[in-house]
Amino acid sequence: MEESGIKPAATTRERIRDKQSKVSDLISRFEENRHTDNKRDGSPVKPVGKAAHVGPAPRAHQRTEASRIQEKFSPAPASAQDAQKPATNGVLVQTKQGMEQEEENHGSLEITTAGLLNGDMGCAERSDDLSPPHVERTVSERNAENNAGNKAETEQRTEEASTNHNETKEQKLFKIASELLHTEKAYVARLHLLDQVFCSKLMEEANKGTFPVDVVKNIFSNISSIHAFHSQFLLPDLEKRMDEWASTPRIGDILQRFTPFLKMYAEYVKNFDNAMELLKQWSDRSPQFKAIILEIQSQEVCGCLTLQHHMLEPVQRIPRYEMLLKDYLKKLPDKHPDERDAQKSLEIIATAATHSNSAIRKSENLKKLMEIYEMLGEEEDIVNPSNEFIREGHILKLAARNTSAMERYLFLFNNMLLYCVPKFSLGGPKYTVRTRIGIEGMTVRETSNEDYPHTFQVSGKERTLELQASSEQDKAGWIKAFQETIEVFQQKNESFKNALKEVEEVSKAELGKRAPRWIRDNEVTMCMKCKESFNALTRRRHHCRACGYVVCWKCSDNKAPLEYDGNKMNKVCRDCYSTLTGERVTEDGKKERKGILEIEAAKFTESSIICGFLQHSDKGKLWQKVWCVIPEKDSLVLYLYGAPQDVKAQGSIPLVGYSVDESNRSTDPSHSFHLSQSKSVHYFAAENDEAKQRWLKVIRVAVTGETPERPHGNDANANMSDDNAQEADAT
């Protein structure tokens, strides 16, 4: 019986040694703290004495293997006592059952190994016998016994790891190149959608006169050039290279050859904010424009994403090239032939990515401003590229009289603080602005309050607030955010003031008659009129040709004749425009509509595209005779006066986006037509069919956004004189 018990045990040890390399790390991980459990018919198997199972020589070999495994993956115990711990559930225990028991042990090995590979330590139960097994050698003895074997094994592992490392780098280079090709294909598909679907459909409709062609061109900028470059040059070369990867494993030479062409992205990125603004403006103004976009967005090819989302893709593409190329360079072996080309490509791409990243940050900031705008009930005008979001959060405000704490919410921007009160809402957090405090002149300091910890004070020109943060860390975060925002604002304001001191101002009497001294670009960081910060993408520097100030594009969006330049039209700031022309300009850069309240009808009539009497009715009112004028200076607006010499217009109709219809109602007079947009409908009737056709010819051009021409054979002043004469005869 003893012999039959020993042979199966020896056979089992041989199998264990064969599988040792597969489970060695798992055995060593748990050898310090667990017993082996082996259940059969619900009964635990007890450890078997050494004399009944194995001789000294086989056991010594088994100990050597275990020691090597432990030396690889686990620190050696500090003492023999530490080494005397229960065996792991990965150690197999022999039984007295002969070949039948051998099969059971083999199955136990497979089950236990599977459980350990899955990281499951709870699948085996602990043995009832918790006594530690007998240890025949100390840790030092075992280490000394295995020194020679460990040294040889370590050298072998180092050599194998080096080989595997080189293979892994080659695989990673191929993976990066494959990822570049895969993303390039998807990107070209997105460019095709923008260029050949969105842009083409809108341009097709614009050519019909529904809305201006220039609007579509300004929205999509140079997307056609970008699409052609990627689809006809970069993508085909990448596809060819991946087919030849086995013989030419490199991509740096391709990118180095094409990266100079990525400079074309500068135009697209700089125009991005203006494109977003035009897109929103014309979606609101033109129903046909909006309908085309919505129809395309509903198609499967768009992936349920908006046009704005797709248009952001070219802005984001350059930074993705940069990330892939950096990763590619890290994986290149030393002195690889592709290293030089890849490094040159990265330098060019990094420069382009700087502009793209700035545009992305600007876009993300505008997105955040829109979210805050909605949380404030769409009542606060904060969606402006010059507003930069800094921080938001809940805060407690201490009352001045009884020091009770009230829940409030703060939104901190680069130029203001919104102090808000939460209000109940089922559709997400909503707030009401209680006070808007400007950063200019603001101070912040810590305060001490025995009843309320973590307090600080924010003092501005509009209001002083004593606030309580939720913790000392939250308080420190708020104070730091306020201090940094105030410091940046003061620095920009100081540079602005210094530039003003150095300006040799041109007097009003000499304005436009003498060339001014231009302020240098590097002397200011913000617009010298509206004080909004400059940046490379959305706020570029412009010079007023009349006073020499550095202003933003909004403040320089006016032209006036300058005497010192031969009365040629030059860009001027809004203040100089008002001085030179006598027309006022609002703070947002728009010229005030003086025709409604201030400009006399006679002044418009002198330089009008068309004018004359028409019958007018709207909102179910009675027909009324009015003097109608479409002036040359404001050719897209129809002004309605009570008489040709009135100093104030009764109303005005911005014609862009209106639909023109000649169909008549049964109650309408002859020669009538009507203009409609949404729920607004205006009915008109001319004296005769000839006059009606003249008006329709001009209005049909104006509603598309194009500047209409004066009808042939129509003299505005003569028309006015004839109508006045008829009016006089009638009275």
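Along the chain as shown, residues are numbered 1 onward.
Backbone N, Cα and C atoms are what each Cβ position is placed from, and that goes for glycine too.
Per TrEMBL, the feature region 'Disordered' maps to 1-87 (among others).
The compositional bias 'Basic and acidic residues' feature in TrEMBL is assigned to 12-43 (among others).
What TrEMBL records for 62-71 (among others) is compositional bias 'Basic and acidic residues'.
Among the features that TrEMBL reports, region 'Disordered' is placed at 127-169 (among others).
As annotated by TrEMBL, compositional bias 'Basic and acidic residues' applies to 127-144 (among others).
The annotation compositional bias 'Basic and acidic residues' is assigned in TrEMBL to 152-169 (among others).
Residues or ranges marked as domain 'DH' in TrEMBL: 172-359.
According to TrEMBL, the domain 'PH' annotation covers 388-487 (among others).
If you look up TrEMBL, you'll see 479-506 marked as coiled coil.
Residue counts for the domain 'FYVE-type' (521-581) under DSSP (helix as H, G, I; strand as E, B; rest coil) come to 14 helix, 18 strand, 29 coil. Here TrEMBL flags 521-581 as domain 'FYVE-type'.
Helix, strand and coil residue tallies for the domain 'PH' (607-704), in that order: 14 helix, 43 strand, 41 coil [DSSP]. Per TrEMBL, the feature domain 'PH' maps to 607-704 (among others).
Summarising the annotation, TrEMBL assigns region 'Disordered' to 706-731 (among others).
The compositional bias 'Low complexity' annotation in TrEMBL covers 714-723.
The domain 'PH' (388-487) scores a mean pLDDT of 89 in the predicted structure. Residue counts for the domain 'PH' (388-487) under DSSP, helix first, then strand, then coil, are 16 helix, 50 strand, 34 coil.
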